[in-house]
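Student: Here you go, one structure.
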Amino acid sequence: MFILPHIGYSGILSKCFETKMVFIRITDVGFEMKEENGSERGQCVSMFQEDKSAWRKDIATYERPQIRHSVWQILNTLLPVFLLWYIAYASLSVSYWLTLGVSVLAGGFLVRTFIIFHDCCHRSFFKNKAANEIIGTITGIMTYVPFHQWRHTHSVHHSTSGNLDKRGTGDIWTLTVEEYLSATPLKRRIYRLYRNPFIMFIIGPIYIFLLDYRFNRKGSSMKERINTYITNIGIVGIAALLIWAVGWQAYLMIQIPVFFASSMTGIWLFYVQHQFEESYFEENEDWDYVQAAMQGSSFYNLPKFLHWITGNIGYHHIHHLSPRVPNYNLESVHNKNQRFRNVPTISLLTSLQSLRFRLWNEQTKKFVGIKEVKRMAADKLSLPVLPVPVSKKIS
């Protein structure tokens, strides 16, 4: 019953795209594809049905991190987090409502901090591997997420998103209608609880960020384990320092709203980016990487400021198409080519509809709610029973 379960991964996946066999090798930062003739296609390269070389050319130039943009983003993200935390503390003597408002804004900048962490996991924030690991670990401590551990599970998410046969790692627990109807009453009840908004967005952040991420996943390497320990020590160390400086009551009055504002927003973004009505889920033999990226990842059309503070993660289709694109280039890629804009689009208002979605209907290729499934099951049970003719007795 996990939103982001920790399951190891390894091996080679294979999938036939068009008429060629393409092998997918999972790596620490995503995966690479190689055609059967041996030519490298680079990370996250798949195929549009036509004009493939032009599409690659359009996106390749945006996959190069620019040091000045990355450093500027660190400055305009991390410094406001520290400043707003201090302002929240100073405002305690004025009004706690003011403190709450400032804390929520600090939580927003912590979401932006997580996007820096996220890009470091994909090695798209800096060209230098060590720089990505250092900044990734620091921002991971700030957001309560271990760098190496999350990089592993998130890489699996990218290589299996929308694949019904490979669910369970780095994704949201999703059952099909048929699976739900054939499940035991206990499993159905657990699933409904898991998908309940209160559990997912209130209890979920506490479990994931405060408990689950404090432990190493099974089969993790020594390097990954050490990174998790460093993250845990960093979290405790910062908390202890702040409690020493401002007192435990002031710390909790500020940090609790900061934590919930950032973690709830993060889970919400991850949820709506794949759990919208006409998303994409297929069995392995029919699964296609590009379709999963362009049809199974939404364009969350947010107001300009919300795009900025969420690190442009609303351009999620572009990110899944090529995780090598830094967050500050996602919008440019989206605007570069019309085909990148012909994708499922949701707004702040329409995204709220996702709260009622629970199950994937393989027949209609849409998400549905539990009530709809109950009606479907009731309709099947209420089919008319034809009368059986009774033969007359001849005397």
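Any Cβ shown, glycine's included, is placed from N, Cα and C.
The annotation transmembrane segment is assigned in TrEMBL to 71-88, 94-118, 198-215, 227-246, 252-272. What TrEMBL records for 97-338 is domain 'Fatty acid desaturase'.
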Student: Near the transmembrane segment (252-272), which same-chain residues lie under 8 Å Cβ to Cβ, leaving out any that are not at least 6 residues past its ends?
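Tutor: Same-chain contacts beyond the flanks: 3, 85, 88-89, 92, 96, 99-100, 103-104, 106-108, 110-111, 114, 143-144, 172, 200-202, 204-205, 208-209, 239, 242, 246, 298, 300, 310, 313-314, 346, 351, 354.
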Student: Does the transmembrane segment (94-118) come near the transmembrane segment (198-215), with 3+ Cβ pairs under 8 Å (pairs 6 or more apart)?
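Tutor: These two segments do not touch.
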Student: Near the transmembrane segment (227-246), which same-chain residues lie under 8 Å Cβ to Cβ, leaving out any that are not at least 6 residues past its ends?
Tutor: 89, 137-138, 140-142, 144-149, 213-216, 220, 254-255
